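Visitor: First the structure, then my questions, so here it is.
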Amino acid sequence: MVSDTVEDGMDNRRTTTQGHGGYASERWVIYMEIAATVLIALGVLLDMLAAHGYLADNALLRCAEDSFFVFQIPVYYLAFGYAYQHTWRVDDGRMWLRCVGRQLILCLVPFLSITLATLLVDAGLGQVPLDWHQLATFLFTSPVSPVAFYPILLLMYLVTPTLRSWCGAGVLLAVALALKAVAVALPMDGWPYVLSGLCGSWIWFCLGMAFCLHTHAHAERFLPRLLGTSRLAGVAPVRGNVAILGVAWLALSVVVSLSGFAGTKVGAALLTLVGLAWFTSIFATSFAGGRSSRLFDTVGKSTIGIFLLHPICLGVLFFLLRLPRAAGALAGMDGTVRGTVAFLLALVAAYAVPVALQWVLDHAWKLGFLLKPARYLPAVRQH
């Protein structure tokens, strides 16, 4: 889902970057986002299994939620920021209008499509009323998962120019860091969600832009070599960089948990920062220089469907499992068998069903536009 830039979206980005020759060198960004999509769906799946009593709440699950799944959505912001800097050059009003006009389509079409689909499904299951008030709630105050990401991303495009120098990068990062400090220090429950999301997540988008600028200009320096992005310029990374950052993330997870910061804004920010560095090192080191993976290429064809549709499909599954006949059948099973059956059904609902639905939409006239509009738009031609 990343796009015109490697950025309209994972699938979309793949199409457009091939159009201007940038796909091979930036493949690692696409693969990183694909992995994050699979893990986001897994996190939601495990959370719903625990919420419905099919998976016992335990310390390992809570640790995974607080330490690992917490930085998967920020992977998206990092990847979109990297792709935005890589593809666009927004330094005047004309280019700003061109970029924003495109992003309005790319962000709002899936946002509106999934919001309406969620409203219709939830209303059909008797969970919410089907009325204008509920629609307004989903659109403006309490957006459905996972498409709250899109209005926040759109706001980032509205306020962020592309970087031309390290001076500009420093100013942008300083402003983003200040907003992150506000988000960590202040309660933001009464704020519009797009503003609280901008304050909390803009730093990851800006870091992605800075990574792109720094990687291509100063590949020989320590940070690109530690992250593994130096390989894009043919410079060897720090030996054992993936292991170093992995151990750092694991150690920080333990420290945050023992210190009582697990689940707090401070703990989440620290773990996200180190987790993003570790994740970046894995994929930049493994796939820089045009290396490809048949597995990631295959999974990547369906990640937009998984990302957008897995909450709806899982919601329908657990509604069906609460029906008397299904609930009775599961109640007669041993606890382990019951949990295993529910887990396997949830895997189908989170991955297989969204893939099938995406295939149907892609082959039903042009309904695929509702999920990935960039496929139907002209490719970006810039630099």
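The backbone N, Cα and C atoms fix where each Cβ goes, glycine too.
Feature annotation from TrEMBL assigns transmembrane segment to 34-55, 67-84, 104-125, 137-159, 166-187, 193-217, 238-262, 268-290, 302-321, 341-361.
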Visitor: Have the transmembrane segment (268-290) and the transmembrane segment (67-84) got at least three CB pairs under 8 Å, pairs 6 or more apart in sequence?
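Guide: Yes; at least 3 Cβ pairs under 8 Å.
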Visitor: With an 8 Å cut-off on Cβ pairs and a sequence gap of 6 or more, do the transmembrane segment (341-361) and the transmembrane segment (34-55) reach 3 or more such pairs?
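Guide: Answer yes, regions in contact.
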Visitor: Considering only Cβ pairs within less than 8 angstroms, which of the stretches 34-55, 104-125, 137-159, 193-217, 302-321 has the most against the transmembrane segment (67-84)?
Guide: 193-217
Visitor: For the transmembrane segment (302-321), which partner among 34-55, 104-125, 137-159, 166-187 gives the most CB pairs under 8 Å?
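Guide: The listed stretch sharing the most Cβ pairs with the transmembrane segment (302-321) is 34-55.
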Visitor: Does the transmembrane segment (193-217) come near the transmembrane segment (104-125), with 3+ Cβ pairs under 8 Å (pairs 6 or more apart)?
Guide: no
Visitor: Apart from its near flanks, which chain residues at least 6 from the ends of the transmembrane segment (137-159) lie with a Cβ under 8 angstroms of it?
Guide: 40, 44, 73, 76-77, 80-81, 84, 99-100, 103-104, 107-108, 110-111, 114-115, 118-119, 192-195, 197-198, 201-202, 205, 307-308, 311
Visitor: In the same chain, which residue numbers or ranges, 6 or more beyond the ends of the transmembrane segment (104-125), come under 8 angstroms Cβ to Cβ?
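Guide: Contacts of the transmembrane segment (104-125) (Cβ under 8 Å, skipping residues fewer than 6 from its ends): 3-4, 8-9, 12, 134-135, 138-139, 143-144, 147, 150-151, 153-154, 157, 304, 308-309, 311-312, 315-316, 319, 369-374, 377.
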